[in-house]
């Protein structure tokens with residue numbers, strides 16, 4: 001942790017001290033923010049809804065892409081201007097000199113998942129209440145997501161060394177949480193009303209590798225700290241469970257039967273990033289197009305409704321038109337249900353910035369539009385195939401039209417995927433899971449009525 005030695009004396013509010021929090025970046029950072037606010041509330045701090053009502057502001061930053069770094073620095077500046085007392089944490093906090101050079105008035109800077117350092121910084125600059133109010137904190141902790149779904153982080157860091165990524169430099173190597181800790185947390189979340197668990201990490205399929213799949217006991221049974229046993233344990237809780245950030249390793253095949261049994265939601269988030277062998281090699285990513293296509297076909301033989309979400313990068317250094325055509329052919333043949341596409345940009349300290357053959361910005365832009373057009377065609381065909389079917393959907397909340405609710409199928413994760421516009425549904429509430437008759441579709445979203 002880096003402190004500003006010219007800091008003012010700590011505040012000692014006459015009422016309960018209030019901390020504002022700004023959470024940027026991915027769901028993994030959101031989980032970090034949830035853990036921090038849980039600790040703050042456990043010690044009696046209030047969480048302020050805005051800058052004006054806060055005695056101090058905590059900014060949880062992202063530092064993965066240059067655009068994310070710029071957004072984080074802008075958010076820090078906004079917090080300083082609006083409040084004046086700012087502590088910075090998160091991925092960009094791993095480079096304190098960058099933050100302090102841009103914003104010398106920050107009170108302290110801590111790195112990612114340094115919860116104790118964050119609390120120490122808060123204590124230094126905002127005196128904690130005399131009597132902690134532990135009873136104010138629910139057993140499941142405090143969350144920044146709606147009541148009916150929650151992110152479940154199973155590990156920190158990553159052992160992969162993708163040439164475009166600096167996550168291992170920011171968050172370190174893979175560090176898996178003990179499986180009984182993860183399953184107990186999931187159990188508490190379900191008891192608190194969560195209907196959907198979203199399993200996240202940097203590499204979910206590598207879970208447990210760093211601790212040699214150490215066995216632990218949960219509910220009287222032994223579970224090894226590995227992807228398959230995690231899926232079995234979570235599948236016993238009776239809620240929707242999504243697996244995010246899964247690499248296409250062979251052992252992922254073992255989880256597909258659990259989806260066929262209805263224990264795990266038939267959904268895999270696999271960041272393929274590309275399909276061309278030369279580009280994947282330059283990215284230092286695993287993947288063989290023919291093998292991957294064959295495995296996807298086998299998965300869908302077992303689970304016809306399996307939805308696959310992925311992310312891709314276009315315009316990676318050295319990417320040729322032929323490479324790009326291979327990528328387009330792949331998303332069409334694999335029938336990728338949901339896809340995010342990003343134009344390559346250099347990341348500070350990433351190896352890819354040193355590669356030859358950087359693609360001009362106008363070519364990146366043109367390829368991005370072609371990718372999105374091709375993906376829209378795939379998604380539209382997948383969506384149209386649902387019309388006339390009756391599917392389970394989970395309610396997220398009210399829509400803009402009278403009597404309308406926004407819902408999702410099992411093929412759609414919150415925030416990033418498609419939605420279902422459910423008519424005549426005013427009697428339903430967030431978290432309800434119902435059967436819905438699909439009456440229409442557009443490129444991505446569905447339209448339905450309660451069955």
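Backbone N, Cα and C atoms are what each Cβ position is placed from, and that goes for glycine too.
Feature list (source: Swiss-Prot):
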DOMAIN    17-127  domain 'MTTase N-terminal'
BINDING   26, 62, 91  [4Fe-4S] cluster 1 binding site
DOMAIN    144-381  domain 'Radical SAM core'
BINDING   158, 162, 165  [4Fe-4S] cluster 2 binding site
DOMAIN    384-451  domain 'TRAM'
Return the single residue from the binding-site residues list (26, 62, 91) that has the minimum number of other CB atoms within 10 Å.
26
Once the DSSP letters are reduced so that anything not helix or strand counts as coil, what is residue 158 ([4Fe-4S] cluster 2 binding site)?
coil
Cβ within 8 angstroms of the Cβ centroid of 26, 62, 91: which residues besides those meet this for the [4Fe-4S] cluster 1 site?
24, 25, 28, 29, 61, 63, 64, 68, 90, 92, 112
Let me know the model's mean pLDDT on the domain 'Radical SAM core' (144-381).
93
Alpha-carbon distance [residue 62 ([4Fe-4S] cluster 1 binding site); residue 165 ([4Fe-4S] cluster 2 binding site)] in Å:
13
Quick check for the class: what is the C-alpha distance, in angstrom and rounded, between residue 26 ([4Fe-4S] cluster 1 binding site) and residue 158 ([4Fe-4S] cluster 2 binding site)?
15
Other residues, Cβ within 8 Å of 158, 162, 165 Cβ centroid ([4Fe-4S] cluster 2 site):
160, 161, 164, 166, 167, 168, 202
Measuring Cα to Cα, how many angstrom lie between residue 158 ([4Fe-4S] cluster 2 binding site) and residue 91 ([4Fe-4S] cluster 1 binding site)?
14
For a quick check of packing: other C-beta atoms within 10 Å of the C-beta of residue 165 ([4Fe-4S] cluster 2 binding site), how many?
22
Rounded Cα-Cα span from residue 162 ([4Fe-4S] cluster 2 binding site) to residue 62 ([4Fe-4S] cluster 1 binding site), Å:
18
From the Cα of residue 162 ([4Fe-4S] cluster 2 binding site) across to the Cα of residue 91 ([4Fe-4S] cluster 1 binding site), what is the distance in angstrom?
17
Relative to the Cβ of residue 162 ([4Fe-4S] cluster 2 binding site), which residues of the same chain, six or more apart in sequence, are found under 8 Å away?
273, 283, 284, 285
For residue 165 ([4Fe-4S] cluster 2 binding site), what is the secondary structure state per DSSP, taken as helix, strand or coil?
coil
